[in-house]
Amino acid sequence: MAAATRLSVRNIHKSFGAHEVLRGISLDAHDGDVISLLGASGSGKSTFLRCINLLETADQGEIVVDGERIEMTVRNGRNMPVSRKQIDRIRAELGMVFQSFNLWSHMTILDNAIEGPVHVLKRPRAECIAEAEALLEKVGIAEKRHAYPAHLSGGQQQRAAIARALAMKPKVMLFDEPTSALDPELVGEVLRVMRSLAEEGMTMLVVTHEMSFARNVSNRVIFMRSGEIDSDGAPEELFGKGGSPAFRQFIGTFGS
Amino acid sequence: MDFPFLFQTMKTLLAALPMTLALFSLSVLFGGLLALLIVWMRVGGNPVLSRFARGYIFIFRGSPLLIQMFLVFYGLGQFGFIRHSFVWPALREPFVCAVLSLALCTAGYTAEIFRFGLRAVQPREIEAARAIGMSGFLLVRRIIAPIAFRHALPAYSTEIVMMVKSTALASLVTVWEVTGVAQRLIAQTYRTMEVFLCAAIIYLVLNFLILQAMALIEHRLSPHRRAAVSLVPGGLPVSR
């Protein structure tokens, strides 16, 4: 039996002014898929990720999260969601990890992690704390739970941000260049956490420049170029012989 | 030095302290609430409301508080529709007029202080909150307001201290607070120096206590800005 479709995106278009950043992107993510989105900067991969949880609103296209279609309408010539409530609910089901962590600076790591479960999902606080502590343990920063983000290294902050996203029990995790703002020696600790998540069967979409992650952890690689999907396939296939000339050239710049 | 006189003066002036405190706390309370409304209008995105808020801030920051107070105290009664309305019994009271004009004025300043606090909130922290499904009032209450308030606090302490001193103007619309009582004592005794000195000491002590309280609040609300020496061995202190 085929795994359930967690995320289905159809024909996403997005322009910033006259510049067309996304020119019809479609993608299905099934349960347990780990999809790496590769591409040069400006190819639209981050914008695509941000369109999925509506941090950017696509001009056109359809997004279905775990079977629920996001209702869109055109108002004043602009495409926009019909219901803010639905967007909030969908966002709560999509965990987002940002390039620059975006932890709430005035809260401790533990408070960051329980904020969503307590105040958005309205679950009992004690339960949320127990779960968040387990998650912080899992990403290896349990001993920092009462520290503030500014007191942590970048790698620790990013792992805290992953724990914060996981605390919402998301159906799909979106990673927007999670290691790009990190010093090279801190990249590994974040990738290890992501790898163990992948092994547990979390459905993940990862915008990344980490070729080793794309190659060894993800089960599917999508290479974007000028707002379109250039290549799409299993990593063995793409990194083997299947990639387009543009993809070969792209991975060539990483010296791998 | 005439200690019995100083002692007697201090006693008389302290009897007026509750009035000063009432003027201060009510005007800070109502001014703060009004400031929230004005800053919401100012940054809410509606161009008409935003222009109104700008105009409000300009008028109340740009003109002397004393004139505003005189306009409220002497001016409002000249309008028949106010004199015959249900608010007149309140508005004819000097105390109400003083609180009203103090609150209106501090609201203008406080709105700007809050607005600068809002501008200091990082968009990416707001984005992270949206990404977990927060929006509207929940987003303001849990993320935006707490961060903005922390940024606004130092400037807001200054405004609060200014308000303590501004209550002295209420003496000119016949409210018997500390300064008003001091002037009455001087009129009776002609001992300007001693009486005003006593009054000044009262304001200084009051403001000292308020500043201590504000500093304590600031300290309690900003552990994230202090060095965490025990948490990051050998790390550079993260200081303000």
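Cβ from N, Cα, C; glycine included.
Annotated features, as they stand in TrEMBL:
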- B:13-214: domain 'ABC transmembrane type-1' (DOMAIN)
- B:20-43: transmembrane segment (TRANSMEM)
- B:55-75: transmembrane segment (TRANSMEM)
- B:95-116: transmembrane segment (TRANSMEM)
- B:128-148: transmembrane segment (TRANSMEM)
- B:160-182: transmembrane segment (TRANSMEM)
- B:194-217: transmembrane segment (TRANSMEM)
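Away from its own ends, the transmembrane segment (B:160-182) comes close to residues 12-13, 15-17, 19-20, 23-24, 27-28, 31, 65-66, 69-70, 73, 94-95, 97-98, 102, 105-106, 109, 195-196, 198-199, 202-203, 206-207, 210-211, 214 of its chain (Cβ-Cβ under 8 Å, at least six residues beyond either end).
Contact count against the transmembrane segment (B:55-75) (Cβ pairs under 8 Å) is highest for B:95-116, out of B:20-43, B:95-116, B:128-148, B:194-217. Counting Cβ pairs under 8 Å to the transmembrane segment (B:95-116), the stretch among B:20-43, B:128-148, B:194-217 with the most such contacts is B:20-43. Beyond its flanks by at least six residues, the transmembrane segment (B:20-43) meets 49-50, 52-54, 56-57, 95, 98-99, 102-111, 113-115, 118, 160, 163-164, 167, 170, 175, 177-178, 206 of its own chain at Cβ-Cβ distances under 8 Å.
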